[in-house]
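Single-structure report; data block below.
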Amino acid sequence: MRIILFGPPGAGKGTQARLLESNRGLEQIATGNIIRSAMKNETPVGLEAKSYVEKGDLVPDKVVRKLAENAIADRDYDDFILDGYPRTTQQAEWLTEFEEANDAPIHACISLQVPDDVIVDRLSKRRVHKETGKTYHLDHDPPPADVDSDMVVQRDDDKPATVRNRLNVYREETEPLEDYYDRRGLLVKIDGTGSIDDVHHRINNVLDDLA
Ligand code: AMP
C-alpha cells in the first residue's frame, strides 16, 4: 500500500507513521528526517538545506525530489507512508509523474486536521531524543526518568518564531495540495485531535477500507 500522510507541522504525522510502521508494515519515508540526518552528517544536501530548515522555510523542490524518489525506489515502490512529502504543487506533480512512470499509484492521501492553537502547543512542548529521534510532549508524554535529560532537546525549528513561519508556509504552499488530491479522488480528511491511539484508530479504519 502507498499512502501520503498529510497535515501541518505538529499534526502528528511522524508519530502516526511510526505506529503504522510497527503495526502494518508500512515504512515511513520522512523527508524531514532524511534532511536532518544529511545536515548532521554535513553532506552536500545537508549543507544546502541547513539555512532553509533553520528558518522554517521549504528546502528547494529539486533537492527534496531526489531524496523522496530515491527513498521510494529503495523500498521497491511499495508499502510506504510518505510523511512530509509532497509539500508544494511542483512536488505533487512530480510525484504523480513518478507514480505513473513506475506503475505505483498512491492509494490515499490522509490529511490530519488539527487547529492552529493545538499545533502551537504541541510543537512548543515537543522534545526529541538526540540519538533515537523519539519525540515527547512535556505535558502529555514526558521523557521517562531513566532517559538522560541532556539527550532530550527542543528542535531549533520548534522555537516559537520558526513555528509561526512553518505554519504560514504550510497554509500558503502545502495546504492547497488537499484540492489536488481531492480532484484525484484520493483525499481522506481525519480528525487529528485527541489521543495518539484515537488518531491511530481513525487512520487504521481508513486503511482497512482501502485493503
Ligand atoms: P519536518 O520534519 O517534516 O517538519 O521537516 C523539517 C524541515 O525539513 C521543513 O521545515 C523543511 O525545511 C524541510 N523539508 C522536509 N520535507 C520537505 C519537503 N517535502 N519540501 C521542502 N522542504 C522539506
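Numbering starts at 1 and runs along the chain as it is shown here.
Yeah, the Cβs are placed from backbone N, Cα and C, and that goes for glycine too.
Counting Cβ atoms from all protein chains shown, Y136 (ATP binding site) has 17 others lying within 10 Å of its own Cβ. The DSSP secondary structure for Y136 (ATP binding site) is strand. TrEMBL lists G10, A11, G12, K13, G14, T15, R126, T135, Y136, G194 with the feature ATP binding site.
Under DSSP, the residues of the region 'NMP' (30-59) split into helix, strand and coil as follows: 22 helix, 1 strand, 7 coil. Annotation source TrEMBL lists region 'NMP' at 30-59.
Annotated AMP binding site per TrEMBL: T31, R36, D57, L58, V59, G84, Y85, P86, R87, Q91, R155, R166, in sequence order. In the structure as shown, the Cβ atom of R155 (AMP binding site) sits within 10 Å of 16 other Cβ atoms.
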What is the interatomic distance between the Cα atoms of R87 (AMP binding site) and G12 (ATP binding site), given in whole Å?
16
Work out how many Å separate Y85 (AMP binding site) and G12 (ATP binding site) at their Cα atoms, rounded off.
14
List every residue in the same chain as G10 (ATP binding site), at least 6 positions away in sequence, whose Cβ is under 8 Å from its Cβ.
V114, V118, I119, V120, R122, L123, R126, V163
Three-class DSSP secondary structure - R87 (AMP binding site):
coil
